[in-house]
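**Q** Feature table excerpt (Swiss-Prot):
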BINDING   2-34  FAD binding site
BINDING   144-172  NAD(+) binding site
Amino acid sequence: MSIVIIGSGQAGFEAAVSLRSHGFSGTITLVGDEPGVPYQRPPLSKAYLHSDPDRESLALRPAQYFDDHRITLTCGKPVVRIDRDAQRVELIDATAIEYDHLILATGARNRLLPVPGANLPGVHYLRTAGEAESLTSSMASCSSLVVIGAGFIGLEVAAAARKKGLDVTVVEAMDRPMARALSSVMSGYFSTAHTEHGVHMRLSTGVKTINAADGRAAGVTTNSGDVIHADAVVVGIGVVPNIELAALTGLPVDNGIVVDEYLRTPDENISAIGDCAAYPIPGKAGLVRLESVQNAVDQARCLAAQLTGTSTHYRSVPWFWSEQYESKLQMAGLTAGADTHVVRGSVDSGVFSIFCFLGTRLLGVESVNKPRDHMAARKILATEMPLTPEQAADTDFDLKLAIARHKDTHKDEVASADIGERQVVAS
């Protein structure tokens, strides 16, 4: 049996590794757009910006690993066509590779800013190692920076730039940072944190143009006509899923490649995982597409188990993290639609959690410097343990003890949830 994986990011890499760890003995071909071995992306906006770039430190495995595990790594040669009838993919150099099963792990790409000046030298995006190296070099030679977009990437870049002593202005179209992902309380905490560290936060502000001087980016003009001068500009306004290959071959797409709870497309010989996959979540209307290492890894492991004989649907509690200054933000669950937000701890102390409810149902938890709350939240969400807003607010209420008691009184249900988690979390 031959398995071809399109995309050598976290999801594609993990699929290849997990297939071997599950005993798959057939042919594995991992095809990636970028040159070199698969590498980690999260450090690019974190530790990588704080030190001299060392691409080797990002590698998920050294090149020899792929030879040792009989994984054919095809780098820097994008797939341009999928022939579903012939079950083969065609690369940009006209090479054809046949498959018995195809895994689409095509990921996502930067959303481009559609304004004049967006293509000027000195305008940076941040998703690849090459882009991180370019940004790091630029930050070393400039004294001021404008960051367009107050999402996770934008704010992590802003924090790194402030630590390097740059004057930083963040321009965000919405009225609060990380608004699509976080509660208003948590957004407010990070807005204050950045302001206290010297970042100029320009919220509810759009960008009209990126300005030029001597042929390079020199700042921006806002929609209200304000001119903000800077030596470089970083654009972090989200990503777009890479769904074109799937769409061209007739697979359904809907802000992602549409898959079922088993990560299968309507073509039984093609699956999709990671940032490019739109999949159903029980109890949530429509499809969800998540951009996280956890989702990429867990989906890859779940699919590898299926392809080697263990039939199981994908279920895993989503979790995310971000590091900004002294604050480590950890999120569990999906909190969109929450109508009640309960603070556990003290926001002013910088050590607290926000439990997000819809009625009496816990949707998710946002934690700052409280890893125990984060781990408890993942267990509560995985086992659907009842928790009231009053209990969440009470710091004397022992979450760990409540989880243990729930486990003892619901052994069969918890065991089933634990098995599902292990199937997607354990390597």
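Glycine is no exception: its Cβ is also placed from the backbone N, Cα and C atoms.
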**Q** Among the binding-site residues Glu156, Glu172, whose Cβ has the fewest other Cβ atoms within 10 Å?
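**A** Comparing Cβ neighbours within 10 Å for the binding-site residues Glu156, Glu172, Glu156 has the fewest.
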**Q** Would you mind reading off the Cα separation of Glu172 (NAD(+) binding site) from His22 (FAD binding site), to the nearest angstrom?
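**A** The separation of the Cα atoms works out to 45 Å.
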**Q** Enter the number of other CB atoms within 10 angstroms of the CB of Val168 (NAD(+) binding site).
**A** 24
**Q** Pop the Cα-Cα gap between Phe152 (NAD(+) binding site) and Thr27 (FAD binding site) into the table, whole Å please.
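**A** Phe152 (NAD(+) binding site) has its Cα 38 Å from the Cα of Thr27 (FAD binding site).
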**Q** Between Ile148 (NAD(+) binding site) and Val17 (FAD binding site), what C-alpha distance do you get in Å?
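**A** Their Cα atoms are separated by 37 Å.
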**Q** Between the binding-site residues Ser144, Phe152, Glu156, which lies closest to Gly7 (FAD binding site), Cα to Cα?
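**A** Its closest listed neighbour, by Cα, is Phe152.
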**Q** List, in sequence order, the same-chain residues at least six positions removed whose CB sits under 8 Å from that of Gly32 (FAD binding site)?
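**A** Listed in sequence order: Gly7, Ser8, Gly9, Gly12, Pro38, Leu73, Thr74, Cys75, Gly76.
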